[in-house]
Amino acid sequence: MNIREAIAAVVARRDLTQAEAASVMEEIMSGTATPAQIGAFLTALHMKGETDAEIAGMAAVMREKATHVYFDGPVIDTCGTGGDGAHTFNISTTAAFVAAGAGLTVAKHGNRAMSSVCGSADVLEGLGVQIELDAEGVARCLREAGIGFMFAPKFHPAMRFAGPVRREIGIRTVFNILGPLTNPARARYQVLGVASAALAEKLAYALSRLDTVHALVVHGDGGVDELTLSGPNLIFDVRAGQAPRQMLVAPEDVGLPRAPQDALRGGDVAYNVAIVRAILSGEEHGPRRDVVLFNAAAAMVAGDLAPDLATGVAMARHSIDSGRALERLNQMIAVSRGE
C-alpha cells in the first residue's frame, strides 16, 4: 500500500494492517512521500485514532531506520510519552539511576522538554552529563557506567522528513507516541509511562506485537505518565508471546504511603537537578524518594531482576542507601565526558 492509498483508506475510517502501516512509514522515512502527503496522512490517522497494529507497524520501521547502539547484553529503557501536564520532577530519569545501581543496564532514550519545563535531556545536561554522544559513546557508557542516554534527534536521522511537517501542523500525532517505542539500543525490556488509560492499553498491545521480552506499561492515578502515590495505578504486564495482563496497584500494596500529586511537582532545570541529587545521595526522604522507589521497582520487575513490585521497592531502597545509584550517576558523567 502506498501513502496515497493509505490516506484514502484512513479518511474512510478503515484501519490499516500492521504491514500496510509499515509500508506507509517506509515511504515517509525514506523521503519518498511529499510533505503534503505526510501531513494529510498524520492528520487523518489522528482523527480516526491509531490502532495497536498501526503503531507497531510504524514503530518497526522507525526502529530499523534509527542509528543503532550496539551492546552485548540485555538493556532496559524507562520513559514516558509525556503530555500529562502534571509538571512532576524527572521521576523516570531518577529511577533509571536507581535501577542501574541495582544491576540493570539502562539505555535511556529521550529528548528535551516538550510539555514540561525540564525533560530528561535537560536534567541530565544540568547534572553534568554530555548528552549528545554518538552510538559508540553511548555504548561506552553502557559498558562502563551501566547506563547511557540516547538524545533522540541524534539517533533518528530519517525523522528529518516528518519533523518539519509535524511542527507546521501543530497537533499531536502518532509520532508523539512512537519515540518511546523506538529505542536505538533495541531495548527489549521497558517501563513505559502513558498519560491516558486507553492509550496505555493500546501501547501494551503494540509492544506485544514487537520483539518485547518483558515490559510494564503504566498509567498513574490522575492521568500521569508514571506510577504515582496518590491512588491506584493501572499497569499492563507485557511478556513475549502473551496477551498483556492488566492490574491495579496502589502504593500501599508495595509498602509505600500515599501522597498528593502536588508533593511531586518539579520546576526548572536547576530545581530538578537539586531534587535528583538529593534523592540519589540519600539525603531526601519522603514522597519524592518514595515515587522514585516505586518507578525503579517497576524497572526491576520489567527487567526480570525482581519477582514483584514490593521486592523491587526493597532493591531500589538498597540501591540508593548503598550509594550505588549515585555512583552510577557519577560514572555516567565521567564516561560521557571522556574522563
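Each residue, glycine too, has its Cβ placed from N, Cα and C.
Here Swiss-Prot flags G80, N111 as anthranilate 1 binding site. Per Swiss-Prot, the feature 5-phospho-alpha-D-ribose 1-diphosphate binding site maps to G80, 83-84, T88, 90-93, 108-116, S120; the stated evidence is sequence analysis. The annotation Mg(2+) 1 binding site is assigned in Swiss-Prot to S92, E226. If you look up Swiss-Prot, you'll see R166 marked as anthranilate 2 binding site, on the strength of sequence analysis. Annotated Mg(2+) 2 binding site per Swiss-Prot: D225, E226, in sequence order.
In this structure, the binding-site residues under consideration are T88, S92, N111, and the one with the smallest number of other Cβ atoms within 10 Å of its Cβ is N111. The candidate set comprises the binding-site residues H109, R112, R166. Of these, H109 has the most other Cβ atoms within 10 Å. It is 18 Å from the Cα atom of E226 (Mg(2+) 1 binding site) to that of R112 (5-phospho-alpha-D-ribose 1-diphosphate binding site). Cβ neighbour count for D225 (Mg(2+) 2 binding site) (all protein chains, 10 Å cutoff from its Cβ): 28. Across the structure, G80 (anthranilate 1 binding site) and D225 (Mg(2+) 2 binding site) are spaced 6 Å apart at their Cα atoms. R112 (5-phospho-alpha-D-ribose 1-diphosphate binding site) sits 16 Å from D225 (Mg(2+) 2 binding site), taking the CA atoms of both as reference points. A coil conformation is recorded for E226 (Mg(2+) 1 binding site) in the three-state DSSP classification, outside any helix or strand.
Of the listed binding-site residues, namely G80, E226, the sparsest Cβ surroundings within 10 Å are found at G80.
Rounded to a whole number, the distance between the Cα atoms of S92 (5-phospho-alpha-D-ribose 1-diphosphate binding site) and D225 (Mg(2+) 2 binding site) is 9 Å. Each residue contributes its Cα atom, and for H109 (5-phospho-alpha-D-ribose 1-diphosphate binding site) and the residue listed as 'anthranilate 2 binding site' these two points are 20 Å apart.
Between the CA atoms of N111 (anthranilate 1 binding site) and S92 (5-phospho-alpha-D-ribose 1-diphosphate binding site) there is a gap of 13 Å. DSSP assigns T88 (5-phospho-alpha-D-ribose 1-diphosphate binding site) to a strand. Rounded to a whole value, the Cα-Cα separation of R166 (anthranilate 2 binding site) and T88 (5-phospho-alpha-D-ribose 1-diphosphate binding site) is 26 Å.
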